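Here's the structure we're looking at; comments come further down.
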């Protein structure tokens, strides 16, 4: 009786280990099989590309968030940062008639400032990262709104002076928001951050800091410098997400980046466990985003009414997270 | 020793495995009510695991537990408590709620489990009941004080008091004296004797042999997941116990030193850090091991951290080889050639979630990069592999997680990362705390080896015999000041103790 006891216990142990490692991938495969079996066009090339395109902005933003998670931080302001970048880049074209390079550079500069502000507040005041960036989330959202005067920025919009805006969005900029460029940008970001976190000393330092900040400090790692770097990277990638969003939509809507925050958070947290890494990682985040993308896409294909979609989406996310984090409880 | 089964706790053939490690292989253990039982063994011998099994922390062991001769099924902490088994772990802070009062912390079991059908907390009753328990234990701590304001020793007392609110028959104390001062230890022992006289069986885990003779009747010695000896402690000498623990003959604990110190290399002048360090000056010669003696709380740790820049910018002046050092952070300190092995191993010394290799290379990462920042896994593995062999770390390979290693091996890794860094000044803060005898000897060898290579070593320890056996010179700290400088050859344990306790020589 005793041997069967341990046998079962051991098997349970391994099953949850296995689920921890492969749960996310398994869920993705299951969803694909289910959608493939129940719809006609799910498995077509165009649809798969559709899915990748639809998750690219979330993935870019979530990858930045992943870097802030790696140092044990939590950048909740990524959505707002994306809004800022989106507003700045579109306004540069529409209001000021600037060329492509200037617009993108201006947006990234704005995000650099955002990242530095976040980093300084978080490292100087010893306030929990999540609370501090929750505060800055509102601040930057407000700044983006104030900058755009609370309105959508688009071509031919009416300016406060009563004239029409004459600036045009460059053709090459719109390309960034289309296939294949939008997918290529996403893949480059994921790959670059993956290499950075796993194969450079900077990434190693970040994981060390995330694992045990005190030991990292006493090992001679300049902890605050790397936390600053992480927040700057997070803001720049959020900004890139915002720029691509602007390119895709062709205008800067009010709070355009805000809806991406929660999906980015979900993708990054689902990503923790992918292949048993146990820490925030870029490939995992990508898998998390794919999971969310496949789900949204499949639900649309199944003609689930839009107002009920969030119920199913939330439920599946909860299940995915339950599988990944169940092990933590034993 | 063998009576009827009444009042007897028996564990038979306990085995348990974790991924990659057979932690216990058929261990037997017996404890009796009203007696204190010493459980001793090198780190990694399995004593903590055995006690965790008893406390219900692991459900997947094989073997049986009997209490009063009856089978006791213990698979969860709740089972263990139901059978009257309580544990006070070494990390007392994990079991207490710091922002609640002493009374609430003591009565926590009652507050959690016996509030069925009741919704209002009667504060008067809580504090009266807590006061009654403390009174029974002859401990005086105000029950309305917040736990975060207590000293470590007082927190232990609170946990013991909490255990006593239930029908506690066997109390496991996991290295309770490690962080305590002399006076606090005596207070704890008074309490243990009182509990014994009230019929509680005590299981006492400790690395300090002398105190076991003072407080325990029985002893069980473990090695490599098995019990290797048991009996009454008065029948065993310290020498025998150590031999059982190590499994081999025990020769001279401290390494023989042959080198003679050279010129003064490292100097610190008038180091100050708030009211923790009140102006300390010291120097270390090349190849010299300098002891920093003093009781717990004398400011040794704070001085070590201040020297290493870990307390931010502190007042004072550091010189290495005649050059002034600007040390405002550990980062600066490491670049200047300083290394600190901190006191709190798990919190400050190692990254438990990371691999052995990542832990060993963390202080020297730029050495293993190509093209600026790209890490070379091969070079890292090579360096870590060499260090694992040199330190004798017991690990399957460099990719094992440090969390799965024993305390002594973790400490070796915390030291090893600095050996790779090849610093000039090595600061050790209680490096043998909570480390078994075998690993202790390895650590002494490492320290002596550093001195032999001409490095400066500052060795802070509250264990006087260690200071006597290992150092060339000693600074004694008391209340944040260095009160005495002594030549180790010309002093005695008694003299160091005298100055450590604030006494003044003639």
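Any Cβ shown, glycine's included, is placed from N, Cα and C.
Annotation comment: TrEMBL describes A:19-39, A:51-71, A:78-96, A:102-123, A:130-147, A:179-199, A:228-250, A:256-275, A:282-300, A:306-326 as transmembrane segment.
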Can you name the far-off residues of the same chain, 6+ from the ends of the transmembrane segment (A:228-250), with a Cβ under 8 Å from a Cβ of it?
56-58, 60-61, 63-65, 67-68, 70-71, 73, 75, 77-79, 81-86, 89-90, 104, 107-108, 110-112, 114-116, 118-120, 122-123, 154-155, 169, 173-178, 182, 185, 189, 193, 202, 206, 256-257, 260
Report yes or no: does the transmembrane segment (A:78-96) come within contact of the transmembrane segment (A:179-199), defined as 3 or more CB pairs under 8 Å with a sequence separation of 6 or more?
no
Distal contacts, the transmembrane segment (A:256-275) - CB-CB under 8 A, six or more residues away:
20-25, 57-59, 61-62, 65-66, 69, 76, 78-87, 137, 141, 144, 238, 241-242, 245-246, 249, 281-289, 291-292, 317, 320-321, 324-325
Can you tell me which parts of the same chain pack against the transmembrane segment (A:19-39), counting only residues 6+ beyond its ends and a CB-CB cutoff under 8 A?
270-271, 273-276, 284, 287-288, 290-291, 294-295, 297-298, 301-302, 316, 319-320, 323-324, 326-327
How about the transmembrane segment (A:179-199) and the transmembrane segment (A:282-300): do they have 3 or more C-beta pairs under 8 A, pairs 6 or more apart in sequence?
yes
Report, as numbers and ranges, which residues of the same chain sit near the transmembrane segment (A:130-147): CB under 8 Å and 6 or more residues beyond its ends.
73-77, 79-81, 83-84, 86-88, 91, 114, 117-118, 121-122, 254-255, 257-258, 261
Can you work out which residues elsewhere in the same chain, 6+ from the ends of the transmembrane segment (A:51-71), have a Cβ less than 8 Å from its Cβ atoms?
78-79, 82, 129, 179, 182-183, 185-186, 189-190, 193, 196-197, 203, 206-207, 209-210, 226-227, 230-231, 233-238, 240-241, 244-245, 248, 257, 260-261, 263-265, 267-268, 271, 279-282, 284-286, 288-290, 292-294, 296-297
What parts of the chain pack near the transmembrane segment (A:282-300), using Cβ distances under 8 Å and only residues at least 6 beyond its ends?
24-25, 27-28, 31-32, 34-35, 39, 42, 47, 50-52, 54-55, 58-59, 62-63, 65-66, 190-191, 193-194, 197, 263, 266-275, 309, 312-313, 316-317, 320
In the same chain, who gets a Cβ under 8 Å from the transmembrane segment (A:102-123) while lying at least 6 residues past its ends?
73, 75, 77, 81, 84-86, 88-90, 92-93, 129, 132-133, 136, 140, 170, 173, 224, 227-236, 238-240, 242-243
